[in-house]
Every structure is written in C-alpha cells, then in structure tokens.
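Annotated in TrEMBL:
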{"type": "BINDING", "residues": "B:Cys37, B:Asp39, B:His89, B:Cys92", "note": "Zn(2+) binding site"}
Number of protein chains: 2
Amino acid sequence: MAVHETFVKNNAEYVATFGDKGTLPLKPGKKLAIVTCMDARINVYAELGTHEGDAHIIRNAGGSAKDALRSIIISQRLLGTREIAVFHHTDCGMITFTTPQLRKIVKDSDPNDEKLKVVDDIDFLEFGELEQSVKEDVKFLKENPLVLSETVVTGWVYEVGTGKVRRIV
Amino acid sequence: MAVHETFVKNNAEYVATFGDKGTLPLKPGKKLAIVTCMDARINVYAELGTHEGDAHIIRNAGGSAKDALRSIIISQRLLGTREIAVFHHTDCGMITFTTPQLRKIVKDSDPNDEKLKVVDDIDFLEFGELEQSVKEDVKFLKENPLVLSETVVTGWVYEVGTGKVRRIV
C-alpha cells in the first residue's frame with residue numbers, strides 16, 4: 001500500500017483538533033526562516049519548540065543555504081522574515097557521496113538512455129565536513145547581496161543520535 | 001530578542017523525551033518523500049500523521065517540484081524512496097506576485113547597488129492557479145527522466161483555513 005493512502009485518515013485527526021489555527025496570517029509571526037535538511041529523522045517543530053504560524057521552514061538535501069536562496073528572497077522581501085537559522089546534522093547523507101559519483105549512478109542506471117545525461121547539469125551540493133559546511137552556509141548568506149544586510153544569521157548542528165542542537169556560528 | 005536565543009532551552013524539552021529515536025536509520029522507513037511549501041502554517045508531521053524516520057520532507061517557497069529535483073534525486077538514488085507526494089496550499093504567497101515584480105522590488109530596494117542585478121537570473125517559480133500548479137508539478141515529476149519511472153506520485157492541496165488535505169491527482 002502506498003503511504004499516501006493513509007493521508008486522509010490521519011489528516012482527519014489533525015482537523016478534529018485544528019482549533020483556531022485557521023486564522024493564522026500568511027506572514028510568519030516570529031519573522032524567522034529555518035533552513036534544514038530533508039532528513040527523515042528531523043522534527044523541526046518539536047526540536048526547536050516552534051509552532052504553526054511561527055517560521056518559514058525550508059528543507060532540502062543537506063539543508064543547503066544556496067539551494068534555499070530563491071525561497072529566502074521570497075521569505076524576506078514579500079513575507080517579512082529577518083532572521084535565518086541554518087541547521088545541518090550528524091550522519092547526513094550529503095557527506096557520503098560526491099556529485100561525479102551520483103551523476104555516474106544515475107547515468108549507469110540505464111546506459112542507453114541519452115536523456116539521463118542532463119544530470120551532468122546538476123550540482124548536488126554535497127559537503128565534506130559537517131561544522132565547516134554550516135560555517136560556509138552562514139558565510140554564503142551573510143555575504144550574498146540578495147539577502148537583506150540586517151538579517152540575523154546563525155548556524156547550528158542537530159545531533160540525530162541525541163536530539164540535541166548545538167550552535168556553531 | 002532573536003528567536004534563536006530560545007532554541008537551546010526549547011530543545012532541552014525535546015531531548016528529555018527523545019527516547020529511542022537516536023537509533024533510527026538514515027533511510028526513510030516509509031520510502032516516501034513529501035514536497036511542500038515553506039509556509040509557516042504547515043505542520044507536516046501532524047497534518048499527515050508522519051513521524052521521525054518515516055519520510056524525507058522537502059520544503060521550499062510554493063512546494064515546487066522543480067526546485068526540489070536535486071533533493072529528490074538524492075532521496076531516490078541514494079536513500080531508497082519510491083513515492084512522492086506534492087502538497088501546495090490555499091492562501092499561498094506564490095500566487096500574489098510575478099517574477100518580474102519581485103526582481104523589481106529587490107533592485108528598487110537599493111538602485112545604486114549593481115550587485116542586486118543578479119536577481120534577474122532567478123526564476124521565482126510563482127504560479128497562477130492552485131490546483132493547476134499541483135497538476136503541473138506532478139506532470140513534471142512523472143515526465144522527468146531523472147525521476148525513477150516506478151515512482152508513485154500524487155498531488156494534493158492543503159487548506160490552511162481548515163487543516164484539511166485534498167487529493168488533486
């Protein structure tokens with residue numbers, strides 16, 4: 001059974017206790033954008049004590065700030081956020097491969113399929129060392145001309161083994 | 001006070017009830033990737049009854065499948081997911097502007113700053129009609145050669161006013 005077949009039933013429980021959340025405004029109440037990894041073990045709300053209405057949550061493979069730039073510009077310029085917290089995490093898949101390796105995996109999956117060669121245009125944004133990757137992402141945001149200069153930017157590590165967060169920069 | 005100053009205190013509560021979640025594996029247990037918007041009102045876990053370890057959660061402005069492609073390839077080829085659920089939502093900021101308008105907002109914020117012209121290279125991936133945007137994203141994923149052909153792809157709308165999910169395709 002595909003997982004999506006459980007969505008409507010599970011959603012009914014959420015709807016039953018939805019309360020007054022339907023009146024929350026479009027703009028994040030805490031003027032915060034969180035950038036973190038898509039990793040299945042990360043429960044952003046529980047981990048940081050955030051709730052519906054508080055913050056934009058941007059998630060991608062690795063929690064890449066570069067990949068998040070389009071979203072961050074929209075978040076700041078149209079929806080008023082002024083703080084960004086970047087979280088990378090221990091045991092991240094992004095440290096286990098390189099872009100050339102993944103391009104090869106994709107192309108080798110069907111060597112006769114010429115269309116797979118478009119994967120050569122993708123930078124998978126892997127990284128080598130966890131804390132350094134956080135520092136680099138914070139630096140990217142602080143120096144990027146499209147990110148508002150008054151933005152408070154912090155960088156963190158989330159430990160999947162303990163649930164703890166640790167500030168890096 | 002910046003919001004990040006609350007993270008460590010709030011995190012301590014999560015750590016105290018973390019239980020055995022530290023043993024969860026890197027690969028999502030339900031082989032599912034969810035693509036949804038960064039919108040502050042969306043609580044993915046509660047809305048769909050998912051939990052730590054179940055699914056990759058990819059979030060960006062609008063819940064754009066195109067923007068999520070890098071993450072989806074990593075999710076499928078390296079981490080074993082075989083199902084994708086795309087969620088867009090009512091009252092989404094992505095229907096309120098166009099890319100040329102946002103480029104102008106950014107450049108007009110400091111007309112003397114030549115560096116802001118790099119915003120002209122960014123497609124902000126806004127959309128005009130909600131249900132159509134879901135259909136187009138599902139089509140994009142089903143037709144994209146870099147997405148595995150056996151992938152189960154569904155498209156949904158989340159109603160921020162009621163908490164309900166509704167399948168579109």
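All positions are counted from 1 along the displayed chain.
Every residue gets a Cβ built from N, Cα and C, even glycine.
TrEMBL annotations: computationally assigned, not manually curated.
The local packing around B:Asp39 (Zn(2+) binding site), expressed as other Cβ atoms within 10 Å of its Cβ over all shown chains, amounts to 29.
Spatially close to B:His89 (Zn(2+) binding site) yet at least six residues away along the chain are B:Thr36, B:Cys37, B:Asp39, B:Arg41, B:Ile42, B:Gly63, B:Leu130, B:Val157, B:Tyr158, B:Glu159, B:Val160, judged by Cβ distances under 8 angstroms. Applying an 8 A CB threshold to same-chain residues 6+ apart, the list for B:Cys92 (Zn(2+) binding site) reads B:Cys37, B:Asp39, B:Gly62, B:Leu130. B:Cys37 (Zn(2+) binding site) has a Cβ environment of 26 other Cβ atoms inside 10 Å.
Residues B:Thr36, B:Met38, B:Arg41, B:Ile42, B:Gly62, B:Gly63, B:His88, B:Thr90, B:Asp91, B:Gly93, B:Met94, B:Tyr158, B:Val160 surround the recorded Zn(2+) site, their Cβ atoms falling within 8 Å of the Cβ centroid of B:Cys37, B:Asp39, B:His89, B:Cys92, which are themselves excluded. Under the three-state DSSP scheme, B:Cys37 (Zn(2+) binding site) falls in the strand class. DSSP assigns B:Cys92 (Zn(2+) binding site) to coil in the three-state reduction, placing it in neither a helix nor a strand.
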